[in-house]
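Here TrEMBL flags 195-621 as domain 'Anoctamin transmembrane'. Among the features that TrEMBL reports, transmembrane segment is placed at 212-232, 238-256, 309-332, 352-372, 395-416, 496-519, 586-608.
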Amino acid sequence: MKESWSSVDTLETNFRPLVVIELAKGTKEETIEWFTKRIVDKKANGGAQLLIKPLVTENGNENIYLVGASHLRLLLGAENVGLVKECNDNSMRAFTYSSRKTFKDFADDNQNFLTMSECQYIIKHELENLRAKDEKMIPGYPQAKLYPGKSIVRRLLTNGILVQIFPLHDREELKKLRHTWYGQVKIGYQPLDEIRCYFGETIALYFGFLEYFTFALIPMAVIGIPYYVFAWEDYDKYVMFATFNLLWSTVILEVWKRICAVMTYRWGTLLMKRQFEEPRPGFHGVLGINPVTGREEPVYSSIKRQLRIYLVSVPFVCLCLYFSLYVMMIYFDLEQWALDYHEENKSHFSSLMLYVPSIIYAVVIEIMNRIYRYAAEFLTSWENHRLESSYQNHLILKVLVFNFLNCFASLFYIAFVLFDMKLLRQSLATLLITSQILNQFAESLLPYWLQKRHMKKMKERMHSLKMDTDLSLVEQVNSEKEMGTYLGTFDDYLELFLQFGYVSLFSCVYPLAAVFAVLNNITEIYSDALKMCRVYKRPFAEPTANIGVWQLAFETMSVISVVTNCILIGMSPQVNALFPDSKMDLILTVALVEHLLLAIKFVMAFVIPDKPRDIQIKLAKLEFESLEALKQQ
């Protein structure tokens, strides 16, 4: 018999804080009372049926609240969000409370059946689904309008009443994870299952892709070293290396899909049903009726959105691209100046000066990328997309287009306009190495240093406990709420995407690119692990079945790399010598080879299944059982 929501106890003696809610200072008492009441109210009354306690400090209540839930409430919540768990017969199925005994490791007294990150995800889901009933406004704030069905948490966030919601770290588990993850320098696989249990599937999948991509680069690096040292102008090896690279880029992306399917099936997210998307917090418009849900919500004309995109956003992006090209031409002027200076002086100092323009340009590229990112976020938010997925897709498109041109335009210009292979090798090496150093510093080392400095000051203020004792709950909350917020895997995937471009687009010109990419990624694994465990607040777990739109981005880059490498091979003196009389024959031959390689890539992508055979059988079996169950009903 299915457990009723009314039997869930909202008063539990063993309160386990899982999530922190911070309200703005000066929040009115009637607002706090109304909000906390909605959190603890029964589901039948429109509440979340969770547990909440104020965090009492020496200065009194600072509008910080701890949220938890009873074990039964979390189990019912797991069924509500569609969590998939392993059964006693080793199959993966959506968890239901009525069939709880059939799931592996389940016991009524086993509080660890659900991981802490799953519990926090359930609480986040329930809080976000707190909806207004008959309220017309948030009590105490007449300007903060409400209407039936509106998410209360999202309205509190957009009005600045709710400062932040974040999950608490489990200090003991974090200590164990840090030790196995990056606490010791060793060559081996990352503890991806432990990372998934602590941070969730999205972050574990990123680290899985980073690890896989690093291992996949090793063959390119091993082949590239002797090729770079011994066979720079050898035409036969030149073509062989480029051909290997093109096939390699296809194989690794197809094999990743299979590895990803195996991992996400084991984690249960491959089977999770997609939930109906709610309007994103920043979406606004005239109050209307959603024709799908029948609920009142803001409605915004798609024509207005398209006008904003095509009349404002597209011209702005084009203007930014033009500015990027203008900066690129300044860089070439600096290159010419450095070359003239070297020709005049012929000294050791002048030879070093040849690298200065490329280093300066690499730094400028990183600065422009980061400034443009803020502008792209503002524009995409201003376009007023209803769904978070639509917002993310438009943002990724804007950022990828600009970053691609900003990072690679100079290399294309050198290769296909200046025809200077020596300068291309130099620029590629300088841009790749400089960008890697800057990213490591900006993303991990600098935030870690700032966080360590902040923690030192905070510990000096909280002198009531000894330095070697564990932090109390109050100190833990106060320290974590001041940490930076992890904004997701966007920048991490973007960095890998650009690195993939440096390695694949001009691989036959600079084979050592893969070597530097491997070295960077090894340090990237440790630095990213450090920032996740020590620098940022713990992010909420986000179930996912794949790396999303980034798979398409990497595949698109691999297609472009076929074209660029074929043209580079066609431009080589050895190939030109084969067609001394007719350049048209050369062009047609290069086009034919390029089409042939693209055909091979697409055939390989079609032939290699996205999911292993055993996973396909398991998924088909679950679908068959679901259909049979529906027939019986």
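In case you wondered, yes, glycine gets a Cβ from its N, Cα and C as well.
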> Residues sitting near the transmembrane segment (212-232): Cβ under 8 Å, six or more positions beyond its termini, same chain?
Replying inline: 238, 241, 244-245, 248, 252, 255-256, 259, 496, 500, 503, 507, 510-515, 517-518, 521-522, 525
>> Which residues of the chain, 6 or more past the ends of the transmembrane segment (238-256), have a CB below 8 A from one of its CBs?
In response: 209, 212-213, 216, 219-220, 223-224, 227, 231, 500, 504, 507-508, 511, 551, 554-555, 557-558, 561-562, 565-566, 568-569, 572, 574, 597, 600-601, 604-605, 608, 610
> Among 309-332, 352-372, 395-416, 586-608, which stretch has the highest count of C-beta pairs below 8 Å with the transmembrane segment (496-519)?
Replying inline: 395-416
> Against which stretches of its own chain does the transmembrane segment (309-332) lie, if we need a Cβ under 8 Å and a gap of at least six residues from its ends?
Replying inline: 357-358, 360-361, 364, 368, 372, 375-376, 379-380, 382-383, 394, 398, 401-402, 405-406, 409-410, 413
